[in-house]
């Protein structure tokens, strides 16, 4: 655990978005426990569920777990995997319970959301700020690319705040417990395409969408994609009549793609726009095409920090219909 050993289960109630844990462990559940330590929680999980798969990196803790449950009625229902949870192949499980080093929060969340078959629920303790980014909504100060991408594939709830004094020794950061419920079925989409749009929009989340897409660097990338796809269509069809990109729309968990859980602060820095005046008439035409898409959807004066998932999906569909793609 990043902050030290959790010494008791005392925790304060959380904000209005918090909900009581209703996941409920069923007697038939296979439980994945990440970071079991000496096995205090492991024992309770074994009492409640069918079996526990414990993933532990520290060989000393592995020996402690083996000694603790050897010869007990639980021994046949506990499987211990020694290794780095980010590197080992996770077996089937129904529920995940995790007490992790906070530096692996993003990659672990990414790995869990890509796991197949889809599990029912994960209850994980995170650093407070990371947890609040996961549950942040449009208009919240911590709303960012992490929020949008996580909530695309899961429902996320803040359960409990856990104060520093609940750990020995006390850490420097506050903690929170979060429940993650993967959406079923998972959304079918080209995730690289989606994340390409979200990356651009949250690069300067408090600026207008119009000012973001007028930047020379953004226009240059989009125009390159546009011309490449036009050339491909021309070579395949002998014409440019087809405006739809013939892309496969795989489920994320089957693609092996990175869910891109990096935490973007979305801070604007200085207010100077990065736009450079176009001198190439063709470039100016493409810029007009991009701005035309934004105006069509009414997004030119809106800001990413206030847009919901449905808005981003609509914006992406408008760009794609105009032949503009992000991957």
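The backbone N, Cα and C atoms fix where each Cβ goes, and this holds for glycine too.
Quick caveat, the model's predicted, so the values are computed rather than measured.
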Range among 240-260, 261-281, 282-302 that TrEMBL annotates as region 'Disordered': 261-281
Of 1-24, 25-48, the range TrEMBL labels region 'Disordered': 1-24
Local Cβ density at residue 35 (S-adenosyl-L-methionine binding site) - other Cβ atoms counted within 10 Å: 21
Candidate with the highest Cβ count within 10 Å, taken from the binding-site residues 56, 84: 56
